[in-house]
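Here the structure is laid out as structure tokens; the discussion comes afterwards.
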Amino acid sequence: MEQQRNEATERLLSRQGHPNLVYNEENGGVGVGDEGLVTVSNFTSILGLSTLTAACITFGFGCAIGYSSPTQSSIMEDMGLSVAEFSLFGSILSIGSLIGAAISGKITDLFGRKMTMWILNLFYIGGWLAIAFTKAPSLLNLGRLSLGFTNGISNYLASIYVAEITTKNVRGRFTIIVQLLTGWGASFMFVVGSFVHWRTLALLATIPGLLQLLLLFFIPESPQWLAKVGREKELEAALLCLRGDKADISHEATEIKDYVESLKSFSSEGILDIFQKQYVRPLLTVAGVLVLMNLGGINALAYYSGAIFVSAGVSSMVGLITVAATQTVIGILGATLIDKLGRRPLLLVSSAGLCFSSFLTGVSFFLKDFNWWDQGSPIVAFIGVLMYMGSYALGGVLPLLLLSELFPINVKGSAGSICNLMGNFTGWLVAYYFNFLIEWSSTGIFFIFSAFSFANFILTATMVPETKGRTVEEIRASITHSSD
């Protein structure tokens, strides 16, 4: 079995420098030069539809994140909530995410990517309906908890599914476009929530889930998951569906089968398999980046940016609408650059931007506290928050993309559960305690966020590998090969 594993791995590694493989500029495919061109399209209508389906998940994720910011004052008034009670409502999303994150990898491995989407929609739509029709704070929190459970799984699921259905030439671009919808979902909440009642906003947020329910009838399952569970005929049918009926998918199908086969000889798919030598470095890297990014304050600014603007002396409506526009522009820029510049450079720029913008926001509150430059401090805070949200839109998805690329399918579930659990736990800490910490020292909390973002920059510079332009199987085969 060990010999079979090594032979399969060597075949994958040898393909990285295959002399006959050529790139077809006309249709973005891969070909075999001397033996006849084999075209595999980078984009088909079904691939676009499948990506849109995954995007519905992340748009809903953004809706849940952005909901509390424009609705804070009206919910507190209508439901008679104190600051502590609303902090619980805001942060309980992260508690639900913790529960979802703990099982995210295993549930997607057990039921498959597509079936998991069906299941999550029950929790997603049910959560929003509970919030929209609640008469008591307990049901309000229960609905938010249900949305958090959905978020804990869906953010991981969307990245994994898109990475597994796309080709290496567009994998990064498609993944970041899907995750860009998280920012658009939050932006939708920011903008629309400034004009409609919070109950109406909750009903509008069910639309992504309802749309996804319709689209799920027309998309295929992940080819890698089908190979993992031994459904080879369905694997080839899924690849033909994604690449086009006339595409020659034999090379890609064989590559997926070879790599899945190579994993069977040394893994029983237990949770402890992720702690094998070859996975320790990527596990520490991805988990570290996720933890530090969350400790850098993203949940605080996403959940309470409206209150932050008011505290800094800026109109919450103007601030939230501008944040929405900024996230959209920067997110589109990131999508166009990721497969050209690579993952690592964008993550470095994003981390540096988060560090500087947090520091700038802290400086604005410092000036405000001492009544220095009263006219200018709100402008500094406004610029700082915009830079922060823009920096996150540029690189916030990249840790999840790395998670989908660095781990093979036999341990991807365990890695996803561990990394998501750690990221969501630190996200909950920030979300729950932020309202108390900003009362303690609005300047100090943003300086702390800046310090964690700086640590993330150092971690990225020293530990994060570049995965641009390589197939998922090639990346994992090289990691396995180098550790032998």
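Here the Cβ of each residue, glycine as well, is placed from N, Cα and C on the backbone.
Feature list (source: TrEMBL):
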TRANSMEM  46-67  transmembrane segment
DOMAIN    48-468  domain 'Major facilitator superfamily (MFS) profile'
TRANSMEM  79-103  transmembrane segment
TRANSMEM  115-133  transmembrane segment
TRANSMEM  145-162  transmembrane segment
TRANSMEM  174-195  transmembrane segment
TRANSMEM  201-219  transmembrane segment
TRANSMEM  283-302  transmembrane segment
TRANSMEM  308-334  transmembrane segment
TRANSMEM  346-367  transmembrane segment
TRANSMEM  379-403  transmembrane segment
TRANSMEM  415-434  transmembrane segment
TRANSMEM  440-461  transmembrane segment
Two-stretch contact, the transmembrane segment (201-219) and the transmembrane segment (46-67), at least three Cβ pairs under 8 Å: yes
Cβ-based contact of the transmembrane segment (346-367) with the transmembrane segment (415-434), 3 or more pairs under 8 Å: no
Contact call for the transmembrane segment (308-334) and the transmembrane segment (174-195): at least 3 Cβ pairs under 8 Å, seq gap 6+: yes
Winner by Cβ pairs under 8 Å against the transmembrane segment (440-461), considering only 145-162, 174-195, 283-302, 415-434: 283-302
Close approaches to the transmembrane segment (115-133) from elsewhere in its chain (Cβ under 8 angstroms; 6 or more beyond its ends): 53, 57, 60, 64, 107-108, 139-140, 142-147, 149-150, 153-154, 157, 199-200, 202-203, 205-206, 208-210, 212-213, 216
Local confidence of the prediction over the domain 'Major facilitator superfamily (MFS) profile' (48-468), expressed as mean pLDDT: 85
